[in-house]
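Engineer: Quick one: structure below, then a few questions.
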Ligand code: NAP
């Protein structure tokens, strides 16, 4: 088993770019996706395509998942044809999806029972960074396992941060997306405040974000809201999911997150009409309120 043999599960907005980076770096990549048609461009570029997560994972030194949510991750790792049971003991499982801390811990225990070490390695960065190989990996888990997976992560990312024990990457990622989600929801409200005030939003919103409220995320998303550019880099329902996961993680520790709940309601309100759009479309729910 060489570290060059990699299985990649999940070829959505992020996974497609990440798997392609691994191929460009010379890894021997087998891909799996629930909807098989998304594998066609990678197959054309030389990837092997597996029918099931188990078939992808058999013989791989490293199995990487980039999937929507807890149910998708559970299905890919532990489903009837799941990857974990097919993995070679000593191989490393890398979970890069944004998931609940509880599920990551459960998966870590299942992996250990199968002789596999799990790294929770969610990412910051979006579609463009996935395509460019400039993601930041936020890793929890065993340092030796990270050593085994490091070259693969470096093919997809420009920064690999080892945060600590298993689960710490998942916790960090939920805090990260909590802070992004509340800002994007508040930005949507500010944009509509400006529009309802009768001001020229194309002039006033850039002025607003040139000042103290201009964080990297508001600077990134404000132009999309103004131009109604909802080409998906991060599907809107994923942010509602992440806020809900953050609320659940910290409710378990006795910490309520009312700002997360309010922001989540904004994303959920927009999701009826904009489930296939970028999270910037949260502003449409406020516009119609
Ligand atoms: P996406 O485009 O929606 O892709 C989701 C992937 O999950 C697809 O491969 C999809 O398969 C699969 N999937 C969904 N439900 C499934 C199920 N029940 N069983 C099996 N597979 C299932 O999402 P993404 O933007 O690539 O994000 C992936 C993960 O990274 C998410 O956890 C997200 O929160 C996180 N993330 C996203 C970004 C971003 O900017 N986009 C940035 C950082 C982290 P199908 O093709 O069959 O639907």
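Heads up, the Cβ atoms here are built off N, Cα and C, so glycines get one too.
Residues or ranges marked as active site by TrEMBL: 173. Marked as domain '6-phosphogluconate dehydrogenase NADP-binding' by TrEMBL: 5-164. Summarising the annotation, TrEMBL assigns domain '3-hydroxyisobutyrate dehydrogenase-like NAD-binding' to 167-284.
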Engineer: DSSP on the residue listed as 'active site', three-state: which is it?
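Structural biologist: Helix, per DSSP.
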Engineer: Just jot down the residues in the same chain as residue 173 (active site), at least 6 apart in sequence, with C-beta under 8 A of its C-beta; none if empty.
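Structural biologist: Within the chain, residue 173 (active site) has Cβ neighbours under 8 Å at 98, 122, 123, 124, 138, 242.
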